[in-house]
Amino acid sequence: MIINRYLFKEIALSFAATLLVLTLIIVGNTFVRLLADASTGNLPADLVGNLLWFSSLKQLIRLIPVALLIGMMLAFSRLYRDSEMAALRAAGFAPRHFYRAIFSFVLPLTLLLAVLVIVVSPWLETNNAELRREINERPEAAGIPPGEFVSSGTAERNYTALAESIDPSRTVMERFFIRVKDGDNEVLIWAKAAVLFIDSGSGERVLQISEGYRYEADPAHGGMTVIRFGEHSIRIPLKDYTASHSLAAMSFLELWQKTDNAARAEMQWRIAVIVSAPLLAFLAFPLSYTAPRQGRYGKVGIAILIYAVYASILATVRGMIERGDFPALPGLWSVHLLILGLAFWLLRKYYGKPS
């Protein structure tokens, strides 16, 4: 039908434009943050692109439902502004006719979103965890860029370190020096090489120093103790980039087989992302109703506010399910029912009854 194809086109174009704008904003902010981390030495510069790629894909999945809501609001607001909705209503178009066109676009989009959430999202989390692990094994993650003296600590306890260079793999620090001062005690260590790695048992980051000397001052006797070693290990606290195989990296089947509250909350959260797309599309049609001489973008602001409240309640209930303060059933479905109830109420208010 010509009208259905016309509505399909309007919704698709508005959705695509909205998703593009939101994605550019999110990617831009993420890029600036990653560049700031790289400039301060907390993030290897050659991994900025990979992190930006994984982060952008994750954000894109989360943006699809809200982009659909805003895009539909913009599309129908334009139809109201140009009196096209009034003409369609006068020609006998009921809500069910509009929903037929709406869901001819939304259902395939929801199927795509389901694939992204169920298949692509865990893959992204797994690769992101591996990337974070690689970052933690880089000298830059410990705040030791090559060729620069780095100092940290307090007046009572501090250290100064220098790695003269880093090998091509960017994992081995060559000709490594560190000075540690703890009160009156002072230790100097020079080594041929130093390597950062994650202890598979404890998950802690370890600096392993090889083929070097340890010089320790003896204030009481005014001398110095010199120790030659083959290997010497120092534990270094992890910063923000902690790599772990979290629930977010598990497949849907793995979550289904778990019975703990955290797994149930994660599974319902993934389902919520999928369900929110058709649910918000169902809400967008009655919410976009615009009376004559009413502003075009006023309802868009209301839609954004409703989505913000909806997302906030979802996150709150998810946390309560994880802590065991809210039953897994109805769980997040209770929040979806609130949005569904609002949509039916708006349909009845503006169109008499859903039809």
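Placed from the backbone N, Cα and C atoms, the Cβ positions cover glycine too.
Per TrEMBL, the feature transmembrane segment maps to 12-36, 60-80, 101-124, 267-288, 300-321, 327-347.
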Contact set of the transmembrane segment (300-321) with the rest of its chain, CB cutoff 8 A exclusive, min separation 6+ beyond the ends, reads 65-66, 69-70, 73-74, 77, 261, 264-265, 268-269, 272, 276, 280, 283-284, 287-288, 327-328, 331-332, 334-335, 338-339, 342
Within the same chain, the residues 6 or more beyond the ends of the transmembrane segment (267-288) and with Cβ under 8 Å of it are 61-62, 64-66, 68-69, 72-73, 76-77, 80, 95, 98-99, 102-103, 106-107, 109-110, 113-114, 117-118, 121, 252, 255-256, 299, 302-303, 306-307, 310, 314, 318, 321, 328, 331-333, 335-336, 339-340, 342-343, 346-347, 349-351
Long-range CB partners for the transmembrane segment (60-80) (under 8 A, at least six residues beyond its ends), listed in sequence order, are 7, 10-11, 13-19, 22-23, 26, 86, 88, 102, 106, 109, 113, 116-117, 120-121, 273, 276-277, 280-281, 283-285, 287-290, 296-297, 299-300, 303-304, 307, 311
